[in-house]
Amino acid sequence: MALTPELSRQTKLKEVAGIPLQAPTVDNWRQIQTFEAKPDDLLICTYPKSGTTWIQEIVDMIEQNGDVEKCRRTIIQHRHPFIEWARPPQPSGVDKANEMPAPRILRTHLPTQLLPPSFWTNNCKFLYVARNAKDCMVSYYHFYRMSQVLPEPGTWDEYFETFINGKVSWGSWFDHVKGWWEIRDKYQILFLFYEDMKRNPKHEIQKVMQFMGKNLDEDVVDKIVLETSFEKMKENPMTNRSTAPKSILDQSISPFMRKGTVGDWKNHFTVAQNERFDEIYKQKMGRTSLNFSMEL
């Protein structure tokens, strides 16, 4: 059956505590909030389009001791359940997580205040990756364009306003990143920067390895650096979402793995938008000790 625009795009976002989320996620909120984390869970946390798939593949390669074939056992979105995912009649992210044996590696885009409380009470490990706001905004725009489960983003200029006002799915980039940054010393949180991962992947991968309590030989780490490069992952059907149905991701509009660079925002921001964004950034982020690289 051909998908009509009404069926192909679930355009409505709903809110939980002022945070816009996809409607099926909000409809399934009770199951998400009562999710039972386990003490040995590792939760990968990101704002959308901040290197989620990249860090997932790095973590999986470390967990599998650099065994490429084991990392190809299934597509990446099946390896690490996305806890807030809900799209009936498919099993929810919570359903999939509950079926997994321990130790589990899970993922989320939720801000700190919406995370199921059991993650905090069980003192789980959290791996957070932050990406500079300008590149994140651009990447999320192209994802919005191709995603069939998010609202139409409109023109770049229209989307620019939506993003800076925190009206995109999962809410404000500013609040999300600040929220995780401010609690990084209170819990077992490894806070990484996308730009550092691009600048020196081996160094950042070694940090992840130590955080996971693994000790791999240098040649294995070098192999992980190679296998998790953007070029390799873009061609890997286990990571490039090429198996996702067009009714969810339409990659004829924009590829899921598009550029993976630092500084692509310069190809989208007008001078006026850049000046305005910098002013908003100062207002929202001026009191934090967070520092991002806008280019390499």
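Cβ from N, Cα, C; glycine included.
Of the candidates Ser139, Ser229, Swiss-Prot marks one as phosphoserine, and that one is Ser139. Taking Arg107, Thr108, His109, Ser139 as the recorded positions under consideration, the smallest Cα distance to Lys49 (3'-phosphoadenylyl sulfate binding site) is found for Ser139. His109 (substrate binding site) has its Cα within 10 Å of the Cα of these binding-site residues: Thr52, taken from Thr52, Thr228, Glu231. Under the three-state DSSP scheme, His109 (substrate binding site) falls in the coil class. For Thr228 (3'-phosphoadenylyl sulfate binding site), applying a Cβ distance below 8 Å and a minimum sequence separation of six or more within one chain yields Trp54, Glu57, Ile58, Met61, Pro201, Ile205.
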